[in-house]
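**Q** One structure is given below, represented as structure tokens, and several questions about it will come after.
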């Protein structure tokens, strides 16, 4: 079970954006996919949801819980999306429908995939809101009345309410401030573990990855250049691309402040 | 209060906000975002204003640079107020001697302008008769200072630049006139982590070149701030909860809020 | 340190910003390389050429009427036949093309100037002016162009000026309303704030930052206006408030023959076909010009 990506190649207009990528995420596993912008990580996420732009050509296989995503009909994909696979998006302000209240937003996947009585659905929505740390009084609010962190909690609640087996989190913390980032990562990790689901966590920031995942893949220019246990990659990256990302993360956290002192940057620049 | 300015620094204060207040919204739904904030930015120093989103840090800096008017308190540049009708001449001086770097370069650079035209704009606005040669020379200097190759970058449009490159073009625009005050408003948060290091390097190079320049650095991330700031001001819900040197804040934080910020920036 | 990858073609070293003639050449050759753009360029080029030639030469004199050969079928002497006075239809259409060209150019120029003025008011930082102009435009836009033309014709009589003023006014309002969202987006952008903070004046910001960013909308609206102006000329001339009788225009040729469409359909067909082809070409021209002249869409303008 889980998801297994093999020989995935995605082309748009000739040039491959992703080439020959292998990724395995087993049930109960939290896996990271890290790379700088333009490395193709969002394309892989979209391919898993069957949401690639029409002009893209895909080869290889994406196996989600035994079902082949590549080449699947849109109708069958729609049945999977939001039920077996869910996505948490980067910008919660843009990915929530501004006209829907929090309650309606979270209930949407339930309405699409399950035939529930109104009271039952409402009860599940409220239970989900408590789980993600949203006060029940927010149920009638609209997205613009919430803070960025609250909006992302709504996004997470919407993604998790159908108990999907796979959650794809595409840069879920990038648009948030550092304190909220940490809270959202911890929330995602605890909810995914509690449900025993699998998570693919996409980011450009190793310091986020360190808290969110056990295993990770480093993506550069559309190919996987390095993979391994997150701790190991973070401690001793074996490729220059990995090292660059790790170094940036080390430099931009308070990890080494006592040892290195605050003046290192100024000297380096000169 | 800890971290008070020394005597020498006090006489060297370039930009100063005193009991700055700001209220948003109509009378019925008033929402105060700043409560009596005091801040001093001495020449040659980098003051970081740090806090979560909604703490009022962007509003504070916009008021300090005269982009918004406070509802209470005063802002002084080189000792003279920039507020009100009487402050208009001094506000012009401040505008002339300051530069701003915004959060997202793809929103702060005109998408239909080349990098050259964007960087040259402040030069052309200050001196209408500047000749093309001087203009190009100074644009090249500014781009080189932020570690961009002018020949490679100058004639490109923002959409053909990476986030890190585009932000450095925006920085070049902010410093091309040699400002006395530079504001960086969340200049790193929209940029890839790997490219953030380049942005930090660019700021360090600029400060090394222009040691008297004062800098205001707005961020939510102490991990970024540690490398660039001399002083830190922690803002929480519109109030200053703690201030001091970087070392004081990082090593001996007093407030729980500051401790939470440090915790969030720890790997 | 290597930079993050950019998915772009490298800029040529000599691409010192693409300006002036070089820019014009690139725009034209890009348009030419697409079928629809080429069609539009050929039709509009022929239109201009014929307009100029008609000033000096037409196959037959416009005023040579022949009572014995009215409504004649196409022949060697009269390529498209003759009209109800026995005058040569082809010559009249040729001569009419210069009137229509003049009307289209003046209307578009007036509409663009008036529209840009309105856009400038709507994005003004004086909120009273901005709000007032939005309300005024919404009110004025509800007046039909034909009604304005009829009212203008009372003091002015039938004339080209009536068409230009009425259409230019109406299309200017339309243009302003369609361009407003784009203009607001640019006006509230950080690059405009940066320019203002650097001491740029409002007119300078408008012409250097806002206008280039609404150019795509502007081009399409202008080409749409140009096409509609051709149609409006025909309609208003038929109503008797457009081009005065005796002045050649496509609308004139149409209105003199349209009453006999049941008996002599060909004399209506030719000017009708001409108007249709030109209107289609104008609209295609706008789309092609927008795509070719926008550096965000045409990579050749970015030096690729």
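Cβ coordinates come from backbone N, Cα and C, glycine included.
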**Q** Between C:78-100, C:101-123, C:170-192, I'd like to know which one TrEMBL lists as transmembrane segment.
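**A** Feature transmembrane segment in TrEMBL: residues C:101-123.
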**Q** Give the range, chosen from C:15-34, C:135-154, that TrEMBL lists as transmembrane segment.
**A** C:135-154
**Q** According to TrEMBL, which listed range is transmembrane segment: C:236-260, C:261-285?
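**A** Transmembrane segment, as annotated by TrEMBL, spans C:261-285.
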**Q** What else in the chain is close to the transmembrane segment (C:261-285), if you only count residues 6 or more beyond its ends and a Cβ gap under 8 Å?
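**A** Tertiary neighbours of the transmembrane segment (C:261-285) are 36-37, 39-41, 43-44, 47, 71, 73-74, 80-81, 83, 89, 93, 96, 100, 104, 223-224, 226-228, 230-231, 234, 250, 253-254.
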